[in-house]
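Taken straight from TrEMBL:
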- 81: Fe cation binding site (BINDING)
- 87, 90, 127, 130: Zn(2+) binding site (BINDING)
Ligand SMILES: [Zn+2]
Ligand SMILES: [Zn+2]
């Protein structure tokens, strides 16, 4: 993990595995899911270590956090400028790319709230999977 040295993070085996796990999926997993998968390879790892490592990665800007409605904190290993489609039914978070959205300029009043790092757009709706499910067995 070359980036670790660049950012002054010691690339331990556990950190490398946590990073690899997050990069291997587009599902924006939460810490518990990452923990469950990494534990298969490193049985001695603790959930606390996973949390601390994710926080460290986040502070260093390697990964980012996603808040999905009613869900626990999820993490995002996709460092390309992208935006999110969030399903309000199952909480699934999908990435999408848009030059138009990348070029959005935050309104001036935002600068009164703080320094602007980047602008992300969050689109909410019902994903195709949930729509199909609803169609096949309608509620009620
Ligand atoms: Zn859904
Ligand atoms: Zn994402």
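Just so it is clear, glycine is given a Cβ too, placed from its N, Cα and C backbone atoms.
Heads up, TrEMBL stuff is auto-annotated, nobody curated it.
Where TrEMBL records a feature, it is marked here on the structure.
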| residue | record | contacts (Cβ under 8 Å, 6+ apart) |
| --- | --- | --- |
| 81 | Fe cation binding site | 97, 102, 118 |
| 87 | Zn(2+) binding site | 93, 94, 124, 125, 126, 127, 129, 130 |
| 90 | Zn(2+) binding site | 127, 129, 130 |
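DSSP classifies residue 90 (Zn(2+) binding site) as coil under the three-state reduction.
Apart from the site residues 87, 90, 127, 130, the chain places the Cβ of 88, 89, 91, 92, 126, 128, 129, 131 no farther than 8 Å from the centroid of the site's Cβ atoms, the recorded Zn(2+) location. Around residue 127 (Zn(2+) binding site), a 10 Å sphere centred on its CB holds 18 further CB atoms from the protein chains shown. The Cβ neighbour count for residue 130 (Zn(2+) binding site), using a 10 Å radius over every protein chain in view, is 16.
Classification of residue 130 (Zn(2+) binding site) by DSSP places it within a helix.
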